[in-house]
Amino acid sequence: EDKIMKSISQKILNDENIDRGNWTNKREYMLSMIGYAVVLGNVWRFPYLAYKNGGGAFLIPYFIMLIVAGIPLFFLESSFGQFCSQGPVNVWRALPIFQGVGVTMVLVSTLVAIYYNVIIAYSLYYMFASFQSPLPWSDCFYWSNSNCSLTPRGTLCNVTRASNWSVPVLTANMTLWENGTCPEGNISIPVQSPSEQYWDLVALQRFSSLDETGPVVWHLALCLLLGWLLIAAALYKGIKSSGKVVYFTSTFPYVVLLILLIRGVTLEGARDGIEFYIGSQSNLAKLCEAEVWRDAAIHIFYSLSIAWGGVTALSSYNKFHNNVFKDALIVCLTNCGTSVFAGFAIFSILGHMAHVYGKPVSEVCVCVGFGLAFIAYPDALSKLPISPLWSILFFFMLLTLGLDSQFAGIEVISTCLQDAFPENFKSKNSIVYVAPCAILFLLGLPCVTQAGIYWVTLIDQFCAGFVLLIAALLELIGVFYIYGGNRFIKDIEMMIGTRSSLFWLWWRACWFFISPAIIIVILVWSLLTFSPPSYGTVQYPAWGVALGWCMIAFCLIWIPLIAVWKIHTSQGNPWQRLCAVCSPVESWGPYLEVHHGERYADGRRYYRKNSVHLQDNNVYIIPNNLTRL
């Protein structure tokens with residue numbers, strides 16, 4: 001009994017909110033939030049966008065978009081969750097007609113969690129494959145075919161292109177080649193590097209299209225299972241256990257990036273890579289192109305994980321008077337700084353790769369997404385001394401980046417379940433975290449078949465696009481145009497203290513006008529320039545594209561459905577019903593009664609019987625249901 005009482009007393013000392021719990025300390029929250037915001041895209045997408053959009057010149061629109069869109073939206077979501085201590089669905093007690101927006105965020109996080117863990121599985125597989133020397137993708141070994149080559153083959157004749165492959169497959173008249181004659185002229189043909197063939201033939205065992213599913217690739221399925229086991233183990237006790245894990249998973253990527261940068265800048269050709277990334281080769285003329293600004297806005301929007309629900313869920317476990325404004329600034333600036341820092345580490349080694357091949361950096365395969373992470377960079381690492389060591393470190397870094405993001409993704413699902421059914425799940429904390437992991441593992445098995453990469457790309461291009469833009473836009477409209485911007489600002493001041501009107505002038509401008517305008521422009525532009533997804537040169541069948549639009553519809557349909565249901569279940573005439581669902585419910589407000597203040601102390605707020613507030617003295621109250629005494 002003494003041990004039980006000691007445990008309960010320690011919990012009370014640490015937690016302001018006994019019902020839901022709080023972060024053990026501020027460090028765990030900040031590391032979790034940074035781990036959630038700093039994703040794989042910081043390492044593999046930002047360097048590509050900088051290379052594509054003028055090198056260092058790209059940083060100008062990048063940081064402008066951070067200031068006018070990224071930070072305001074991040075500040076909004078973290079304040080929303082912290083104020084009421086609820087997840088992305090229950091925060092809409094402030095505006096019941098928009099509760100479907102929260103459901104949409106949860107569904108998007110769920111779908112993304114399915115394929116995101118497949119990327120973790122890829123990283124695990126490559127990490128395990130790196131425990132051998134030489135690296136298996138360093139040369140054309142037994143698994144390769146005749147199109148594999150470490151160097152270009154020059155000119156060939158009578159070339160045909162296979163329709164079922166993402167790159168040209170060569171069939172040449174060798175007699176003509178040897179004689180140096182070509183009846184129809186010389187044609188320069190690219191060939192596949194060993195790292196590219198290893199990715200296609202060994203890691204993915206990729207089929208020709210989405211129409212051919214094929215069997216499960218078992219080494220990827222086992223890595224997928226291991227990935228979900230790691231996540232379930234870290235989340236077994238919710239934020240109390242994941243908060244300890246992030247001490248390692250959130251800081252280790254920075255150690256690896258620093259090691260890779262130090263190693264990279266000591267290599268021949270590294271200077272050329274860095275200058276190409278952010279040096280004398282920066283092209284300021286690119287700033288006149290609208291697409292550069294669009295790319296900057298989209299990357300800021302997605303890299304900060306806005307409208308996924310995770311920011312709201314993680315901040316809901318903060319103590320009420322936590323300085324959420326300062327936290328939002330730190331996380332956003334850290335996220336963008338990581339992107340810039342990762343670019344130096346990536347391009348220093350790609351510069352060395354260009355030196356080895358005797359090519360300009362612009363001709364080295366700097367591909368976006370999977371191409372950079374699993375083809376170009378592994379190829380570059382294979383050229384280094386002690387290449388297995390650098391490869392292990394790189395893929396372990398990708399693993400930790402992915403795990404941090406998944407922790408928050410599962411937290412979104414679990415938080416919403418606990419908020420919706422507190423009596424059912426309050427004493428079953430481990431089940432509410434482990435069960436989603438098991439279900440999502442089964443749902444992810446199609447993504448590790450021989451057509452799995454097509455499913456991963458399909459979900460990524462559809463679910464992580466239009467849906468998030470629409471959800472974020474509705475979030476801004478709901479909070480600032482219906483709930484009331486001034487009311488929301490007063491809510492924030494209840495947490496962080498009163499600020500001057502000059503302080504709020506900028507945030508009002510962003511929340512009311514600038515951020516919504518940017519989202520609308522991106523959304524309209526994306527719809528007008530939409531093209532069917534593809535993987536390399538492999539086009540998706542019509543049914544695959546239709547399925548992608550169905551996923552979008554499935555996520556968004558809950559917004560009008562729940563709005564109609566809320567209106568239907570309200571009392572009064574149509575106008576009274578509409579007014580009722582556009583006003584906060586009686587249970588809206590700070591979770592703990594002691595934080596209600598004058599604005600919410602009207603006697604109509606929901607009273608939490610099991611809530612405990614810590615006074616400055618050493619007297620604490622233990623609710624009866626926490627002890628047998």
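Note that Cβ sites are derived from N, Cα and C of the backbone, with glycine treated the same way.
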Recorded disulfide counterpart of CYS140 (TrEMBL; options CYS148, CYS157):
CYS148
Whole-number Å only: compute the distance from the Cα of SER405 (Na(+) binding site) to the Cα of CYS148 (disulfide bond).
35
Below 8 angstroms Cβ to Cβ, which residues of this chain, lying six or more residues outside the transmembrane segment (216-236), approach it?
117-118, 120-122, 124-125, 128, 203-205, 242, 245, 402-403, 406-407, 410-411, 414, 430, 433-434, 437-438, 440-441, 444-445, 447-450, 452
Candidate binding-site residues GLY35, VAL38, SER303, LEU401, pick with smallest Cα gap to CYS148 (disulfide bond):
LEU401
So around the Na(+) site, GLY35, ALA37, VAL38, ASN42, SER303, ASN335, LEU401, ASP404, SER405 aside, which residues have their CB within 8 A of the centroid of those CB atoms?
ILE34, TYR36, VAL39, LEU40, SER305, THR338
By Cβ distance under 8 Å, which residues at least 6 away from the ends of the transmembrane segment (431-456) in the same chain are close to it?
110, 113-115, 117-119, 121, 204-207, 209-217, 220-221, 224-225, 228-229, 231-232, 235-236, 238, 370, 410, 413-414, 417-418, 425, 535, 538, 540, 544
Cα distance, CYS140 (disulfide bond) to GLY35 (Na(+) binding site), nearest Å?
37
Give me the CA-CA distance between CYS140 (disulfide bond) and LEU401 (Na(+) binding site), in Å, as a whole number.
30
For the transmembrane segment (97-128), I need the partner stretch with the highest count of C-beta pairs below 8 angstroms, choosing only from 245-262, 328-349, 540-565.
540-565
Count the CB pairs under 8 A between the transmembrane segment (462-484) and each of 245-262, 328-349, 540-565, then give me the winner.
540-565
